[in-house]
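Reviewing the structure listed below.
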Amino acid sequence: MDTRYRNHGGETSFSSLRVYLNALSNTPSRFSRRALSASTSYDEMSRVRAVSGEQMRRTLRWYDLVGLGIGGMIGAGVFVTTGRASRLFAGPSIVVSYAIAGLCALLSAFCYTEFAVHLPVAGGAFSYIRITFGEFPAFLTGANLIMDYVMSNAAVSRGFTAYLGSAFGISTSEWRFVVSSLPNGFNEIDLIAVFVVLAVTLIICYSTRESSKLNMVLTALHIAFIVFVIVMGFWKGDTKNLTRPDNPENPSGFFPFGASGVFNGAAMVYLSYIGYDAVSTMAEEVRDPVKDIPMGISGSVAIVIVLYCLMAVSMSMLLPYDLIDPEAPYSAAFSKSEGWEWVTKVVGIGASFGILTSLLVAMLGQARYMCVIGRSRVVSPWFAMVHPKTSTPVNASVFLGIFTAALALFTDLNVLLNLVSIGTLFVFYMVANAVIFRRYVAVGYTKPWPTLSFLCLFSITTIVFTLVCKLAPPGPPKWFMLGACAVAAIAIVQIFQCVVSQAMNPEFWGVPLMPWTPCVSIFLNIFLLGSLDAPSYVRFGFFSGLAVIVYMFYSVHASYDAEGDGSLDFKDVESLERINRILS
């Protein structure tokens, strides 16, 4: 079917009110045409990429990606998450929780790596889902991911004010001023947070390469502070604290709360590993994607696993688990020791560097997501423009930087933190599904229904397992149902592996142990989604509904027009040879 046509006699859907109202009346047919229309790797690398005009410079190497990955993951949150998970769930076995969560993060990172090597563009998960499941699922996940980035960055920038104040012994209230006419939670004005966001925005607009160099310096300083805290913990700590609580009435031993406590702790600390997905958005600026991306993503996750485990052991040695402060474990542990109060200031300084690195990497990632969403025409292509001198997506960077700064100016940290995480976990879940679908389905050659049925059945089984684990009362019936779900899930994967053959073997790099590795990632992300609170789902529902409205009233018509003028005239068969020529 020839798709090269112009709508309404050469007019676009937005050329006049009359034409737009007519376009709205055709929304159902346009939605059915565009919602599941999938792009191809070739089009993403050529026609869609050309919407930006200038190309992003390929200047990054594997060590840049490792630095960006470490900087994106090791933020100030680990200084809080570790104490809370240890005190409430795992005790000294928090180190095992970190190891389990790190292994699961590595499996999820493998899924990102396969896509990033095959499709080295700046769109990250948005592009991966778009070439697999189509335009509407990609837009829905991309919109939620950008909102998570913006709100998380606003929260992180306000956290910078708090940690900087603790490093210098200044109360946070002295850095902010209150506007009584505004409602609680939105009435504390933080100009320092705004300054930090705008400063980082200017840096990422100037040069990706220079941003990477700054990140390397800040990350090196942050790691130095972390190593200092680890050494001090081992030096001052006592190995007896690894097995003995302060109160003899509390459970003792290295595993005071058993296996369930270890896995509950792993679910909590897993969020400390979120941040490596931003590295995949830098794939378009990597010199040698085939070699650099696997080393960059997997290497950064592996290094962070080691650092987190050492931090967990250090904290567990400092104090018995039942004395750990869940809000500020390291600062509180040193502040209670005579002559060691100065270490709390070191922790504050180190956390401040961690905030800057995580903010820098996250703002690089959010701008590139917005840039590629603009390339797809589902939002204005103005966001896709790359500056000819800096080779960076300046428009997207500035727009999101100002938006983030506006939120950071007056919105309380707790309000923001209640609105993040679920969108990111949802995207991780989608990417794991997408990598299985891409391996087992060749569009036009194999039937998609066996793979889609497997993905739905496995997800349903995992959801049932999660609901039973979270809601069923303790006892033999609960363990029986959990065991039955686990056996069913394993059987489903084994049957699928035996019955359905892979339609594509990656030419350069692929996820090992297919389909088991991405299935573990799917299971983990569903399990973690089940552990989130009700406000997280309210936020997800609100922004998903808002994204649907935007898509129905703008995006589907803009994309329909782009298809009409040939901008989105996708090919049916990918050409790996032509992609390789673009990359060479």
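Keep in mind that glycine also has a Cβ here, set from the backbone N, Cα and C atoms.
Annotations in TrEMBL come from automatic prediction, not curation.
These features come from TrEMBL:
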type: TRANSMEM; residues: 62-82; note: transmembrane segment
type: TRANSMEM; residues: 94-113; note: transmembrane segment
type: TRANSMEM; residues: 189-207; note: transmembrane segment
type: TRANSMEM; residues: 214-235; note: transmembrane segment
type: TRANSMEM; residues: 255-276; note: transmembrane segment
type: TRANSMEM; residues: 297-319; note: transmembrane segment
type: TRANSMEM; residues: 392-410; note: transmembrane segment
type: TRANSMEM; residues: 416-437; note: transmembrane segment
type: TRANSMEM; residues: 449-473; note: transmembrane segment
type: TRANSMEM; residues: 479-496; note: transmembrane segment
type: TRANSMEM; residues: 508-530; note: transmembrane segment
type: DOMAIN; residues: 509-559; note: domain 'Cationic amino acid transporter C-terminal'
type: TRANSMEM; residues: 536-554; note: transmembrane segment
Under 8 angstroms, Cβ to Cβ: which one of 94-113, 189-207, 255-276, 297-319, 508-530 has the largest number of such pairs with the transmembrane segment (449-473)?
508-530
Which whole number is the mean pLDDT over the domain 'Cationic amino acid transporter C-terminal' (509-559)?
87
Can you find at least 3 Cβ pairs under 8 Å between the transmembrane segment (297-319) and the transmembrane segment (94-113), where each pair is 6 or more residues apart in sequence?
yes
By a Cβ-Cβ criterion of under 8 Å, what residues six or more beyond either terminus of the transmembrane segment (62-82) are in contact with it?
94, 98, 156, 159, 163, 212, 215-216, 218-219, 222-223, 226, 268-269, 271-276, 278-279, 282, 286, 291-293, 295-297, 299-301, 303-304, 307-308, 311-312, 315, 326-331, 347, 351-352, 354-355, 357-358, 360-362, 364-365
Counting Cβ pairs under 8 Å that are 6 or more apart in sequence, does the total for the transmembrane segment (255-276) and the transmembrane segment (94-113) reach three or more?
yes
Taking residues 6+ outside the transmembrane segment (392-410), which of them lie with a CB under 8 Å of any CB in it?
52, 56, 122, 146, 149-151, 153-155, 157-158, 179, 182, 186-191, 193-194, 197-198, 200-201, 204-208, 363, 366-368, 370-371, 374, 382-386, 416
